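Lifted from TrEMBL, the feature list:
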DOMAIN    23-203  domain 'UmuC'
BINDING   Asp27, Asp121  Mg(2+) binding site
SITE      Phe32  site 'Substrate discrimination'
ACT_SITE  Glu122  active site
Amino acid sequence: MSRQDGRLRRISADSVDDAGATILHVDMDAFFASVELLDHPELLGKPVIVGHREGRSVVTTATYEARAYGVGSAMPMARALQLCPNAIVLTPRHELYRDYSARVMAVFEQVTPVVEKLSIDEAFLDVAGARRLLGSPAHIARMLRERVRAETGLTCSIGVAATKFLAKLASGMAKPDGLLVIPPAESLEFLRPLPIRALWGVGGKTEESLSRLGLRTVADIADVPLSALRRAVGDATAVRLHELANGRDPRAVETQRIEKSVGHEVTFHEDISDSGRLERELLRLASQVGERLRRTDTLAGSVALKLRYSDFTTVSRTRRLPEPSNVGRRIYDASLALFRELGVGARPVRLIGVRAENLDAGQLSAGLWDPDADWRDAETAIDGLREKFGKAVVTPASLLGARPGTAGGTRQPGTPGS
Ligand code: TTP
Ligand code: MG
């Protein structure tokens, strides 16, 4: 929820009924910016943006004071400074954020071992088993917010509900520095008036197709016959949206992560300045990453691109996917956008790598979470052919009509990231 500026904030009263609402979604407020403010207390209450001021950089995040001007994550820095010329821009210090992330996650793990880390600053917790010892879910959530603040100086927002989807929705609404409990008996009442955009995976084209049918709210989706929904957005998406709109979400909080990331990279024999060539290489790497994700039935939440230039400076950039995916095409789209943002410029490239992060295993098994059914079917068919006839026969580049096998480099599978 990157556009959030806290204007529509909703929080719960102390007396809220939380029985059965055992899933917590915790998300740190303006995370990178809040960590920076710990070091710069004189900037508290000011519009602060974290990112690089120069070039074609984008905003990583901004304080809520800056968001009031319309500044948001992933916005070009130039645009952000037009909107908020007085903003103070701080250079990101990723190591520091990772350090705070680990401290925050450690606080979560004091509450329950059932913690599913989703990204650097958010996690799901299942507190069903912690209730006897620690109290009701809302009580646990309040305690958790206090502990996070006491141990790190940072604020977070927490959503408490009976399902992952609702808990995540609730934490977004409680921001910043709030707690919102959705009593299970009121789940539908809460959901139905929301715009369809609130449903996981609805954005862009899906939203357009649905509005063309006159569907505007979650209630509209819940009440429309499934067959009509299927015709509009395809089988898999229709079923998923219908389930979500009716308050059903079978996904459990998963603690086990087989791998934290999956990546491939290639080092060239000679430095490359031809961006077309590098983009084809990106497609190949992204496809390999997608194939590995599909093999373990894992979805990636974000994609990282790594470039090492001829002078050995190395940069990496991360982008969140519009929705979790294991489709090579989606991973390629995200890495290409990052690549174009960074640009090759005057510096030739000696290494390029693509990595899938925020992995979420086993979510596809219910068949409910598949907005990319067509791409996935096509790519899974290719997986099968490659297994049968060897990798050289069907390459991802052949999907785009490019000539395969032109990389001329050494390729190493990436190691799981930290
Ligand atoms: P978010 O949780 O999406 O954003 P946030 O914590 O800054 O703000 P809030 O949750 O209160 O809305 O992302 C967590 C961090 O991840 C964020 O502080 C910076 C980083 N990030 C990026 O670098 N690029 C992005 O596009 C996004 C969305 C986040
Ligand atoms: Mg956050």
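A Cβ is built for glycine as well, from the same backbone N, Cα and C atoms used for every other residue.
Curation plays no part in TrEMBL annotations; they are all automatic predictions.
Location within the structure of each feature annotated in TrEMBL.
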residue : record                          : DSSP (3 states)
Asp27   : Mg(2+) binding site             : strand
Phe32   : site 'Substrate discrimination' : helix
Asp121  : Mg(2+) binding site             : coil
Sequence-ordered recorded positions from Asp27, Phe32, Asp121 with Cβ under 6 Å of an atom of ligand 2: Asp27, Asp121
